[in-house]
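Here's the structure we're looking at; comments come further down.
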Amino acid sequence: MSSVAVLTQESFAEHRSGLVPQQIIVATLNSEEESDPPTYKDAFPPLPEKAACLESAQEPAGAWSNKIRPIKASVITQVFHVPLEERKYKDMNQFGEGEQAKICLEIMQRTGAHLELSLAKDQGLSIMVSGKLDAVMKARKDIVARLQTQASATVPIPKEHHRFVIGKNGEKLQDLELKTATKIQIPRPDDPSNQIKITGTKEGIEKARHEVLLISAEQDKRAVKRLEVEKAFHPFIAGPYNRLVGEIMQETGTRINIPPPSVNRTEIVFTGEKEQLAQAVARIKKIYEEKKKKTTTIAVEVKKSQHKYVIGPKGNSLQEILERTGVSVEIPPSDSISETVILRGEPEKLGQALTEVYAKANSFTVSSVSAPSWLHRFIIGKKGQNLAKITHQMPKVHIEFTEGEDKITLEGPTEDVNVAQEQIEGMVKDLINRMDYVEINIDHKFHRHLIGKSGANINRIKDQYKVSVRIPPDSEKSNLIRIEGDPQGVQQAKRELLELASRMENERTKDLIIEQRFHRTIIGQKGERIREIRDKFPEVIINFPDPAQKSEIVQLRGPKNEVEKCTKYMQKMVADLVENSYSISVPIFKQFHKNIIGKGGANIKKIREESNTKIDLPAENSNSETIVITGKRANCEAARSRILSIQKDLANIAEVEVSIPAKLHNSLIGTKGRLIRSIMEECGGVHIHFPVEGSGSDTVVIRGPSSDVEKAKKQLLHLAEEKQTKSFTVDIRAKPEYHKFLIGKGGGKIRKVRDSTGARIIFPAAEDKDQDLITIIGKEDAVREAQKELEALIQNLDNVVEDYMLVDPRHHRHFVIRRGQVLREIAEEYGGVMVSFPRSGTQSDKVTLKGAKDCVEAAKKRIQEIIEDLEAQVTLECAIPQKFHRSVMGPKGSRIQQITRDYNVQIKFPDREENPVHSVEPSIQENGDEAGEGREAKETDPGSPRRCDIIVISGRKEKCEAAKEALEALVPVTIEVEVPFDLHRYIIGQKGSGIRKMMDEFEVNIHVPAPELQSHTIAITGLAANLDRAKAGLLDRVKELQAEQEDRALRSFKLSVTVDPKYHPKIIGGKGAVITQIRLEHDVNIQFPDKDDGNQPQDQITITGYEKNTEAARDAILKIVGELEQMVSEDVPLDHRVHARIIGARGKAIRKIMDEFKVDIRFPQSGAPDPNCVTVTGLPENVEEAIDHILNLEEEYLADVVDSEALQVYMKPPAHEESKAPSKGFVVRDAPWTSNSSEKAPDMSSSEEIPTFGAQVAPKTLPWGPKR
């Protein structure tokens, strides 16, 4: 069942009544406007007379009287004493020390109170506590608990009094503890003990004990009494509306608790003072005994549905009967099926009570009205407005609508229910006559499409046909749709819904298979591209799968033809995407990546734009050399060629083509490219490029430094020859830590095996999954021999031995510094051998080695070599001016790191000299003599190198000398190149971009002299190896710039054409389209005269460019002028009311006409003298045809305009004949400026007529303070 609550208009009427005074005021104002204007005195009443002012001044200006209550201070101070014998901390020599000070500080921080302590002569402690009352009380309690010795006592009080000591939520107990500064412990309710324990100071215990006993004594005076009274007599004791029991409670001061009717208990509880309680009990017993004797009962049957009317709201009807007749009415509980009502009272009053019970029972009636459930909401009306009319007239009638049932239930006073029933029946009859409903079956899968986005479709149908359409929710899976409303509207809505459903049934759904990687591209950023497709095919619904589903099915749904068109369009789009997703990888040496990128990405950006490809370079910190190019195949190939050409130009890169049969390519590449990768690594990292599989090409391209390319070519041809004759492969396994040892230093060991057996041995690359696998390839006998040798080596490595060697302790540090870097390198190189040096602090020289026998022997040999190097180590000084140090180091010290690796030496640069200028101060004297250092300085040769220039090299003598030569070779050299001064600024480039590019490309520093010097030389500083390349590059740039200068001179040829200014807009074209095409086609610049410049001839058009191109552009312009001169212009009178329709939305219609007839049509601007004059320009025959066409359109559109205007006459509201009179403004009568009286104007100098404000007056002696 569902009830409909209806808002009545009573409360609204009350609220609205507040508006009435405003309406009255408005009416008054309006009447005043119509009557005479007010007088000046009425509008501006005069100020009060002087006497009135003086009168008020007579009173005391607010004295502070005794009526004012003193404001209670928010901060209080309390002082209390702790005797010596009760102090916790007595053995303190000085106040403020030890535990006592800490405790005081803690209490102040926790409570916010301020504490001051002092010692009396008798060594007692005085404590002054200041702060807010609550904080002081808490601080006092803490001080007593922590600074004063604690005693305890027990107080026995009756168990039933304990709850009064605790109080509500324990508040009473907390207050008591704060007030007495004690801790009071009360036994738990389940503990039979009645002892209350108090802990604190003696004084506090006494106070707390007294308070507890006082509470108990108070409770001793009170008593509790329970009186058994039959439940039937409770109403007589309580009295009507509980008045009788209330009077007894008030008179005796006793609390009387009568159980409510719903609780099946008979005892009445009395609480209060013993004497008064006894009086109350006696009075109630008397009432009970009296009623028991005098009363009798009768039982009557009343329908269960009428019981609630007998009870009344909140039991008021029962109380009313009891008050009038003195009879109690007992109603059976609502969950009981009994209909018997018992009346209890004096016999003579039972008849009257019975009459009233039947009157109450029959005063209300329940009725029902038959109404189809679909009409219920129409009966209720929008926001309950229809029902509100009924309930407003009969507020006591309750109307209830039951969902799913064809009836309305009315409940209330009989007369009101009858009236309401008639009204509702009338409404139902009216609705049935003028409304209809229909139910249609449409497959539920189409329901959401019928509803439309955000309910657009269904809302349109509802509004258009004034019907209600009820579509079941998706969860019901029901096909039934119900339409309710006007019969005609219902039929029309039904027809449209069925048509929509039919159309959906005839729709075609097609699944397109599109790779998921293209979905995001088709959708576009923020859905831009898919929006364009949907705009192109608005009737087709395109659904992409959820990215998480990893599905490739894109669903299209809509009319068959549109779906087919959309399918073709999307397939073409996907084909373009596939074509544009062709990808090739180009291996480029890592050091040339920055040159391919160019300064600020200029080179790579240019290649991308010109080839229309996507180019991805590996990250700077990545070891990959591969550049990936994505786009159309032809474009990718072009981009690859350009990138390779850059690499070829930058370095001594050779490129060789080798012909190897295509059938051998896969076997040469090997599993996951392992074989070909091993050849590339062995030959200095050359790049070997095989043709695309299936192309049929035999050409293999090898690219890299010349010597490495030749080596790789020989190996590749040898391997191909082997593959052609016979190929045999064997896999063996070895622990990855053995691989470096098997390969040997610089690949020496493995090369020895290869040379002796002729087999090819391939070790796994770092990215391979199987790191244990070693592959041997070659002829069978060679492979078997190599396998035997390698397995013998691996077997030896598996035999772990432990050996030791003696190493001088002074060399130990070299091996263990930098977290054992040297030891780690030895372990990696020699099969994971473990080398253990003795702990620091011990004088042992024994070093233990553990691992494979061969690895241990090789590691011992290597350690011995290192020791020999350390013992043979020398230090060499290399003098290089400090200003070159940064250049010698290279970016991030890369050049120095390379030298230290190549020559196995250590290089130390000096600290930077902070004050390079030598001091000229006199030398310091000590004890009358010059300092020794000063004398040495004097003896130093002034030509010797400075300390800050000396670089120290440590290592073997021959290696140090080689490293010194390498360092000196890194010192930059400067050369000068002749460059004409006028080209300097072009070499520098915009914001220095040109010169920076050259410096980065050639790794040199280029210095261009200041412009004021007008020098013709440019200085280049850098390594000798780079200077020649840099000089050649600079001279090439000079040649380019000189060629550009010559080209600029040729391009600056100017030609003028004389053209009538009226033709200029046509030559320019819409948005400059025509002139832009001429400019691009002939590669010229065309300048039109400035309209605002009066000195410039307006018929001259200037063309700038190559002489040949300017002449061609001139001919193109003159050709357009020739065509324009043949054109004619005609004015046509065209009714201005149809102009907008001929022009169309955003000018679409007029553009279509102009394109169709090849004419120009100009409409008059707003405010033109003749708004109907339209100008048509073009070739004579085209103009005539265009005029005929627009005149036909005018005739057609005018008929619509006339009909529309005739209709508007009836739609307009009646015009007011009389216009409003102009507003008078604010008018007053008898104003001073309009007065004709002979009254004189006030004398401005008179202090009486114009008194002075702000003058001081002698103050009157009054009690101080404001008036209350």
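Placement of Cβ uses the backbone N, Cα and C atoms for every residue, glycine included.
Since the structure is predicted, the reported quantities are computational estimates derived from the model, not experimental observations.
Residues or ranges marked as compositional bias 'Basic and acidic residues' by Swiss-Prot: 932-946.
The domain 'KH 6' annotation in Swiss-Prot covers 507-570.
If you look up Swiss-Prot, you'll see 581-643 marked as domain 'KH 7'. Averaged across the domain 'KH 7' (581-643), pLDDT in this predicted model comes to 83.
Swiss-Prot lists 727-790 with the feature domain 'KH 9', giving sequence analysis as the kind of evidence. The DSSP breakdown of the domain 'KH 9' (727-790), given as helix, strand and coil counts, is 32 helix, 15 strand, 17 coil.
Here Swiss-Prot flags Ser2 as N-acetylserine, drawing on similarity to another entry.
Residues annotated as phosphothreonine in Swiss-Prot, with similarity to another entry given as evidence: Thr8 (among others).
Residues or ranges marked as phosphoserine by Swiss-Prot: Ser11 (among others).
Taken from Swiss-Prot, the feature phosphoserine covers Ser31 (among others), and the record attributes it to a large-scale study or a structure entry.
Residues annotated as phosphoserine in Swiss-Prot, with a large-scale study or a structure entry given as evidence: Ser35 (among others).
Within 10 Å of the C-beta atom of Thr295 (phosphothreonine) sit 20 other C-beta atoms, taking all shown protein chains into account. Feature annotation from Swiss-Prot assigns phosphothreonine to Thr295 (among others); the stated evidence is sequence analysis.
If you draw a 10 Å sphere around the CB of Thr296 (phosphothreonine), it holds 10 other CB atoms from the protein chains shown. Positions annotated as phosphothreonine by Swiss-Prot: Thr296 (among others).
The phosphoserine annotation in Swiss-Prot covers Ser317 (among others) and is backed by similarity to another entry. For Ser317 (phosphoserine), applying a Cβ distance below 8 Å and a minimum sequence separation of six or more within one chain yields Tyr309, Val310, Ile311, Lys360.
Per Swiss-Prot, phosphotyrosine is recorded for Tyr437. A simple way to gauge crowding: the CB of Tyr437 (phosphotyrosine) has 16 other CB atoms within 10 angstroms, across all the protein chains here.
Positions annotated as phosphoserine by Swiss-Prot: Ser645 (among others). When Cβ atoms from all protein chains are considered, those within 10 Å of Ser645 (phosphoserine) total 10, not counting its own.
Over all protein chains present, the Cβ of Lys991 (N6-acetyllysine) has 7 other Cβ atoms lying within 10 Å. According to DSSP, Lys991 (N6-acetyllysine) sits within a helical segment. According to Swiss-Prot, the N6-acetyllysine annotation covers Lys991.
Marked as phosphoserine by Swiss-Prot: Ser1247 (among others).
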Cα distance, Thr295 (phosphothreonine) to Ser645 (phosphoserine), nearest Å?
125
Measuring Cα to Cα, tell me the gap between Tyr437 (phosphotyrosine) and Lys991 (N6-acetyllysine) in whole angstrom.
81
